[in-house]
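Chemist: Relevant sequence annotations retrieved from Swiss-Prot are reproduced here:
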- Glu80: active site (ACT_SITE)
- Asp108: active site (ACT_SITE)
- Lys134: active site (ACT_SITE)
- Lys195: site 'Important for efficient shutoff activity and nuclear localization' (SITE)
- Lys198: site 'Important for efficient shutoff activity and nuclear localization' (SITE)
- Arg199: site 'Important for efficient shutoff activity and nuclear localization' (SITE)
- Lys202: site 'Important for efficient shutoff activity' (SITE)
- Lys203: site 'Important for efficient shutoff activity' (SITE)
- Arg206: site 'Important for efficient shutoff activity' (SITE)
Amino acid sequence: MEDFVRQCFNPMIVELAEKAMKEYGEDPKIETNKFAAICTHLEVCFMYSDFHFIDERGESIIVESGDPNALLKHRFEIIEGRDRIMAWTVVNSICNTTGVEKPKFLPDLYDYKENRFIEIGVTRREVHIYYLEKANKIKSEKTHIHIFSFTGEEMATKADYTLDEESRARIKTRLFTIRQEMASRSLWDSFVSPKEAKRQLKKNLRLQELCASLPTKVSHRTSPALKTLEPM
């Protein structure tokens, strides 16, 4: 699964997911299903925001090619993917500027057109079950919830889907592609089934313990290939 994640997702998304997991003391090499889930969620958040701007009249517009006009403002503020301190700083700044109620939990996005925070969900289960779980956790009518599934289903607060149909279709297509790619590598079943995922996690832990017991020769040189991946 780890190899699939690194091949399937943009390196920036992979790096953000790794940082997020390490912030909570989790290892992407062991909890590979969680690694894949975080990368998927991050990509959906970025796709949700892509190409959406607000013009000088306050209207929402889509700009898909070239540099957007200087007068245009990004419609969505992306909160997901930031470290917790920076994320809360952004949330507090938005609340102070707009007067919206501060959420109890970190949301994923802020919509400057509708003036509301958005919680994005990506589920391998039934969308309505995951939606209810999110709603029960957040317990706030002010935070908008939008759930996507790998089967093309979606559910949103008051059936308000925020984005146009084409933008949502792009997200659904990407999720379906991820599912197909996982299935072709025999990874989908363990990604969906908690029982199978637990078995895979134990296998990863055993492999790590085995590798740790082997004698190793440490090299302090950085390969040319790895140098290209180092942050600037």
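In case you wondered, yes, glycine gets a Cβ from its N, Cα and C as well.
Values in this document were obtained by computation on a predicted structure and should not be read as measured data.
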Chemist: What is the total of other Cβ atoms whose distance to the Cβ of Asp108 (active site) is within 10 Å?
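Modeler: By my count, 24.
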Chemist: Report, as a single number, how many Cβ atoms besides its own are within 10 Å of the Cβ of Glu80 (active site).
Modeler: 22
Chemist: Please give me the CB contact count at 10 A for Lys134 (active site), counting all chains in the structure.
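Modeler: Step by step: centre on the Cβ of Lys134 (active site), count other Cβ atoms within 10 Å, giving 20.
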Chemist: In which DSSP state, out of helix, strand and coil, do we find Lys134 (active site)?
Modeler: helix
